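These notes are about the structure you will find just below.
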Amino acid sequence: MGDSVPAPDKPTIPITVDFSGGLEMLFSNQKRHSLTIPATDSNEKPATIAFLIDHLCKNLMTDPRSEMFVLDKHIRPGILVLINDADWELEGEEAYELQPKDNILFVSTLHGG
Amino acid sequence: MAQYTDRALTEEEMERYSRQMIVPGMGKDAQLRLINSKVLIIGAGGLGCPAAQYIAGAGVGTIGIVDGDVVEISNLHRQVGHSTTRVGMMKVDSLITHLKGLNPLPSYIPHLTHLTPHNAADIISQYDLVLDCTDNPATRYLISDVCVLLEKPLVSAASVQASGQLTVLNCPPVPQGITSILGVTHPLPPCYRCCFPKPPPPSAMTTCGEAGIVGTVVGMMGIAQAGEAIKILAKGHHRADILNDPPHEPTFPPSLLIYSYDLEKGPSSATFRSVRMAGRRKTCFACGDNSPQNLTLEGIQKGTPNYDQFCSLPSAKVTLPMEDRISASTYKDILAGTQSEPEQKILQGILIDTREKEHFSFGAIPGAINVPFGKLLTAAAIAKREKQNGQEGREISKETYERLSSVLPREILDQEEDKKDKESEPPIFVVCRRGHDSQEAVEKLREMGLDRGGKRKIVDIIGGMKAWKEEIDPSFPFI
């Protein structure tokens, strides 16, 4: 978990990440996480949702069942990604570039009743 | 389709519906529309019971209810349309009994069956609007597909544990395959597949029976569902002709309501959150540009698409041959060392109990190790991935072992040094709640190579802990 805080000289973005519908189980059973993430990826490209998903798997996930969250490096079917309360499809999906104070919600779809 | 007919309300209707009719936005026309409407509630459970109560109370004239199950006592904490005296009765009959007491005026139509690809179109075509109150993804996709084809608005809700979700789909209905309308710039109403194109993998699905459910959470979602349905019908949105008379703004902007309730947190921590969804997808299998080639009523009835396969329902799960299974009483004899045929003696081995830890906390067979089914599937996924990365053979490599040991107890992975070369090793027994997961678990453990190429027996206990209670220990606290 030690590398979740980026090096001080690198620019960072403050964001909030929420988990719902049971996904919080994978992230220390905590529904809201205030994070500071690197503003760019290893290729100096702006941090996107794809980068965030990878970052979360590497730095925030406490449960080994990563396939409950990602399959083949993409978010698994049955999880909705919401960028500031809008379906990520409206915002460019994985390519969306994160902005300071963004709220990203991951929610797994429910089927019971 | 029942047409709106203007008439005076009867004295009983005037009195019964007076409090809702005087609410701003209602009035006589809205009430008459409700009385002339036909609503189908699919599922008479945790969502269907509260939804049906308010649909009936509000005076919807025709109410159909679909369910093939009977009332069980474990339903009653949330399925408030049933009663202790009606345990064992068909849920549909039980709920209608309750609804008639609440409001005798509507016509109640029982459908004493589960919704299937075969009967879905027949049943749904008799109604104006559908409430999806079911409990599994395969039926949810089926309902949505048929609603697209028959142009019925669908109010869909779901709930597990302490979370709930609600969305209004297909409203107002737009014919299949039309993804843009001249003069309409806002998104067209989505269907269930537009919002959720792919079902989650079966291992990530949780049912109320296995994962539990908070009564008030599912009740809240059912009531909200009824609220949306009443709004649509009272205002006639289900009949809106969006093709010829396009509205300037979406009547129901695509959205998803998420409700979270947290048992671990203090009061007032529950939250509602409404999020914006995308509209009808051009690429949607059911309603998109090319959808008429994918989806027809005839096709559905003949088994295309195959909903069980699409969602890999538990019913399509592994079935072990009988020689790979033992009964609860055989296991008891193995434990006690009292097997009837000593020459075929099965060694005492390791017992894995794949129930969730909450279930396990009420009691287990002595010595059982708890490995919840989800964890076991995770371990299987890890092993499979390692294998694809070039680790051939049935034996577990050291690297895989290290990764697996973060998920599985070492007792299962370890083999005792002195037993390594012996003919047979102590077997692994797997028990679950009712004998379904355990069969899949056996197969997964074998795939992981834990049967040591056949030297180690891996078997499951038929009927799970339920059978243990029935056959061996009636006082066992089965849950």
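A Cβ is built for glycine as well, from the same backbone N, Cα and C atoms used for every other residue.
Under the heading active site, glycyl thioester intermediate, TrEMBL lists B:CYS208.
Cβ environment of B:CYS432 (active site, cysteine persulfide intermediate): B:ASP353, B:THR354, B:ARG355, B:PHE373, B:SER438, B:ALA441, B:ASP460, B:GLY464, B:MET465 lie under 8 Å away, each six or more residues apart in the same chain. Annotated active site, cysteine persulfide intermediate per TrEMBL: B:CYS432, in sequence order.
In the three-state DSSP scheme, B:SER74 (ATP binding site) is classed as helix. For B:GLY46, B:ASP67, B:SER74, B:ASN75, B:LEU76, B:HIS77, B:ARG78, B:LYS91, B:ASP135, B:ASN136, the entry in TrEMBL reads ATP binding site.
A 10 Å cutoff on Cβ-Cβ distances gives B:CYS191 (Zn(2+) binding site) a total of 28 other Cβ atoms nearby, all chains included. The annotation Zn(2+) binding site is assigned in TrEMBL to B:CYS191, B:CYS194, B:CYS284, B:CYS287.
Per TrEMBL, the feature domain 'Rhodanese' maps to B:350-477.
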Cβ-based proximity (under 8 Å) of the binding-site residues B:GLY46, B:SER74, B:ARG78, B:ASP135, B:CYS191, B:CYS284 to chain A, or none:
B:GLY46, B:ASP135
For Zn(2+), what surrounds B:CYS191, B:CYS194, B:CYS284, B:CYS287 with a Cβ no more than 8 Å from their Cβ centroid?
B:SER144, B:VAL148, B:PRO190, B:TYR192, B:ARG193, B:ARG280, B:ARG281, B:PHE285, B:ALA286, B:GLY288, B:SER291
In Å, how long is the longest CA to CA span across B:GLY46, B:ASP67, B:SER74, B:ASN75, B:LEU76, B:HIS77, B:ARG78, B:LYS91, B:ASP135, B:ASN136, which the record gives as the ATP binders?
20
Take the domain 'Rhodanese' (B:350-477) and average the pLDDT across it for me.
82
Which one of these binding-site residues, B:LEU76, B:CYS194, B:CYS284, B:CYS287, has the sparsest Cβ neighbourhood, judged by other Cβ atoms within 10 angstroms?
B:LEU76
Could you check which of these binding-site residues, B:GLY46, B:SER74, B:LEU76, B:ARG78, B:ASP135, sit within 10 Å of B:CYS191 (Zn(2+) binding site), going Cα to Cα?
none
Whole-number Å value for how far B:LEU76 (ATP binding site) lies from B:CYS284 (Zn(2+) binding site) (Cα to Cα):
38
When DSSP is mapped onto helix/strand/coil, what comes out for B:CYS194 (Zn(2+) binding site)?
helix
